[in-house]
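Residues or ranges marked as Fe cation binding site by TrEMBL: B:His116, B:His120, B:Asp305. Feature annotation from TrEMBL assigns substrate binding site to B:Val138, B:Val139, B:Ser140, B:Gly141, B:Gly142, B:Asp171, B:Gly184, B:Asp188, B:Asn277. Taken from TrEMBL, the feature domain 'Gcp-like' applies to B:28-311.
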Amino acid sequence: MNILAIDTSTYVMGVAILRDGIPAGEMRTHLKKNHSIRLMPAIRALFEEVDMKPAELDRIVVSEGPGSYTGVRIGVTTAKTMAWALNRPVIGVSSMEMLAQNGRYFNGVISPFYDARRGQVFTGLYRSMSNGIIRESEDRITLHDGWLKALKEQGEPVLCVSPDMEKHKELIQQELGDLAIIGTEIDALPSPLELARIGMRKDVVTTAHEFSPNYLRLAEAEAKWLEKIKDEKKR
Amino acid sequence: MSEKDTLIVGIETSCDETAVAVVKNGREILSNVVSSQIESHKRFGGVVPEIASRHHVEQVTVIIEAAMTEADVTFAEVDAIAVTEGPGLVGALLVGVNAAKALAFAVDKPLIGVHHIAGHIYANHIVEELTFPLLTLVVSGGHTELVYMEEHGSYEVIGETRDDAVGEAYDKVARTIGLPYPGGPHIDRLAAEGEPVITFPRSWLEPGSYDFSFSGLKSSVINTLHNAKQRGESWTNEQIAASFQASVIEVLVGKTMGAAKEKQVKRVLLAGGVAANKGLRAALTKACEAEGLRLTIPPLKLCTDNAAMIAAAGTVKWKQGRFADDRLNGHSGLELN
Ligand SMILES: [Zn+2]
């Protein structure tokens with residue numbers, strides 16, 4: 001199976017191609033630069049490097065969120081439009097599931113996360129099993145300190161992986177103490193090859209038309225509007 | 001189709017409309033599909049950028065497919081993909097730009113970046129072939145500009161608003177008198193039924209300037225209503241609408257005529273969403289007739305945001321070989337040049 005995988009859910013930009021299910025190439029940067037400008041040149045360059053044409057693809061895999069709204073939209077828009085134009089399926093993979101792969105040989109639970117501002121994180125809970133990484137608890141947006149307290153109560157070692165580690169390291173060590181395992185800065189980065197690998201095994205569940213990001217959070221204006229409606233109903 | 005025909009796909013997502021069109025030879029619309037989000041934004045009293053961006057992602061491939069199906073063409077027959085690169089809401093623009101880049105790459109076609117205002121101007125080219133030199137009055141929710149053109153694809157902005165766009169002023173005044181969003185069409189309708197009995201200021205700015213300013217007028221409307229209320233007087237909404245509109249139109253038409261004379265053009269175009277305003281259409285038609293100027297006003301469907309206008313403006317760039325590369329980006333404040 002020939003696969004293109006795209007991840008722009010954080011400042012990390014990742015593009016990978018599998019040929020016949022085997023990694024052919026990847027391009028990954030960890031720079032705080034504009035995805036909108038750099039994604040398509042990276043995709044084109046990688047296709048040229050691995051000597052493949054878009055029409056040879058069998059599917060396109062993309063990190064569907066959670067993450068930066070704009071970042072996720074750039075990846076998803078690119079993936080779904082290419083998929084529609086080529087008449088191939090597009091597969092969405094949770095950005096948390098993608099990042100959790102970095103703990104494949106970890107004995108304990110894995111908590112991948114992205115910073116979501118105001119003390120919040122996008123996170124989820126995963127565990128490495130003989131058949132791969134399985135999800136133990138749904139992806140969510142939550143206050144990081146409360147989440148860490150709950151993890152501490154489980155009493156198991158937790159591998160924390162995140163490209164936003166710097167901002168959260170102190171809190172993690174404070175809340176989890178000895179249970180906290182913090183990977184290197186390389187382990188902390190989502191890998192587009194892992195994304196491709198997960199996407200290769202998933203079933204096709206939506207058409208390109210139906211496919212949209214999983215933001216895990218309403219737009220602020222919509223959340224406020226729903227609150228207002230709820231208040232008015234109470235009165 | 002003959003050998004020399006040019007087929008351009010246009011994509012427009014600068015605000016709250018997801019639009020895709022296929023245009024032949026820059027003038028013939030094969031399809032022009034517009035998916036408006038206005039019903040979704042009405043509850044917020046205006047366009048919410050994040051929500052607009054979300055809708056664009058959900059809609060973009062659906063609308064591209066609808067436009068291709070309606071035009072009954074394949075990508076093999078298409079010459080290039082044109083897309084609005086700005087100005088507009090940056091998050092909204094990004095969806096169109098990245099969809100266009102992905103599409104151009106997947107089907108191996110060149111990419112063209114189009115300025116949104118150039119698109120509005122070229123809506124007129126679909127109606128009646130452009131002849132030069134010409135002057136365009138661009139009026140919309142985001143823009144109020146006078147643009148002079150000597151030839152295809154060359155734009156000189158000779159006047160623009162220093163504060164609110166005319167459409168913005170309409171929406172704000174409409175809100176003041178309790179009309180729903182978007183208020184422009186309501187004011188226009190009420191104005192037709194009332195007399196301009198209140199004299200609101202005309203903002204001519206310094207002599208010789210073709211710039212506009214509507215924030216003073218908007219404040220004047222609010223203050224006048226406030227003072228009247230305190231004195232126990234009242235005007236009907238029809239009278240307020242008519243008086244406000246009279247001030248706006250006098251300035252828009254006056255400056256357009258002044259600029260047309262100075263630039264010695266024989267041709268005037270009206271462009272943008274506010275071009276749907278009946279009062280403005282009538283006044284500009286009368287003024288142009290009096291001065292012997294040829295005036296073009298697009299039909300409503302081509303005044304408001306659409307992608308046929310983007311494909312039409314894109315066709316000019318295609319002919320001139322002005323392509324974009326994979327680094328094309330969305331720019332909220334893109335200059336017209
Ligand atoms: Zn517009």
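Sequential numbering from 1, following the chain as shown.
Cβ from N, Cα, C; glycine included.
Sequence features annotated in TrEMBL and their locations in the structure.
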residue	record	DSSP (3 states)
B:His116	Fe cation binding site	helix
B:Val138	substrate binding site	strand
B:Gly184	substrate binding site	helix
B:Asn277	substrate binding site	coil
B:Asp305	Fe cation binding site	coil
Margin query: Return the residues near B:His116 (Fe cation binding site) by Cβ distance under 8 Å, restricted to its own chain and a separation of at least 6 in sequence.
Written below: B:Glu12, B:Ser14, B:Thr84, B:Gly86, B:Pro87, B:Gly88, B:Asp305, B:Ile310, B:Leu334
Margin query: Mean pLDDT across the domain 'Gcp-like' (B:28-311), rounded to an integer, is what?
Written below: 95
Checklist line | Pairwise Cα distance for B:Asn277 (substrate binding site)/B:His120 (Fe cation binding site) [Å, integer] | finding: 15
Check: Of B:Val138, B:Gly142, B:Gly184, which binding-site residues come within 10 Å of B:His120 (Fe cation binding site), going by C-alpha to C-alpha distance?
Finding: B:Val138
Check: Among B:Ser140, B:Gly184, B:Asn277, which binding-site residues lie by ligand 1, judged by Cβ under 6 Å to any atom?
Finding: B:Ser140
Notebook entry, point to check: Far apart in sequence but close in space: which same-chain residues, 6 or more away, have a Cβ under 8 Å from B:Gly142 (substrate binding site)?
Noted result: B:Cys15, B:Pro87, B:Gly88, B:Ala165, B:Gly167, B:Glu168
Next item on the list: Tell me the Cβ neighbour count for B:His120 (Fe cation binding site), meaning other Cβ atoms within 10 Å of its Cβ, over all protein chains shown.
Entry: 31
Next item on the list: Name, in the order they occur in the sequence, the residues of the same chain whose CB lies under 8 A from the CB of B:Val138 (substrate binding site) and which sit 6 or more residues away.
Entry: B:Ile117, B:His120, B:Ile121, B:Thr144, B:Glu145, B:Leu146, B:Val147, B:Ala271, B:Gly272
Checklist line | Number of other Cβ atoms within 10 Å of the Cβ of B:Asp305 (Fe cation binding site) across all protein chains | finding: 28
Next item on the list: Other than B:His116, B:His120, B:Asp305, which residues of the same chain sit close to Fe cation? List them in sequence order, counting a residue when its Cβ is within 8 Å of the Cβ centroid of the site.
Entry: B:Glu12, B:Ser14, B:Thr84, B:Ile117, B:Gly119, B:Ser140, B:Gly272, B:Gly273, B:Asn306, B:Met309, B:Ile310
Item checked: For B:Gly184 (substrate binding site): intrachain residues, at least 6 apart, with Cβ closer than 8 Å -> B:Gly141, B:Gly167, B:Tyr170, B:Asp171, B:Ala174, B:Gly273, B:Val274, B:Ala276, B:Asn277
Margin query: To see if you understand the setup: which same-chain residues, six or more apart in sequence, place their Cβ under 8 Å from that of B:Ser140 (substrate binding site)?
Written below: B:His120, B:Ala165, B:Val166, B:Gly167, B:Gly272, B:Gly273, B:Val274
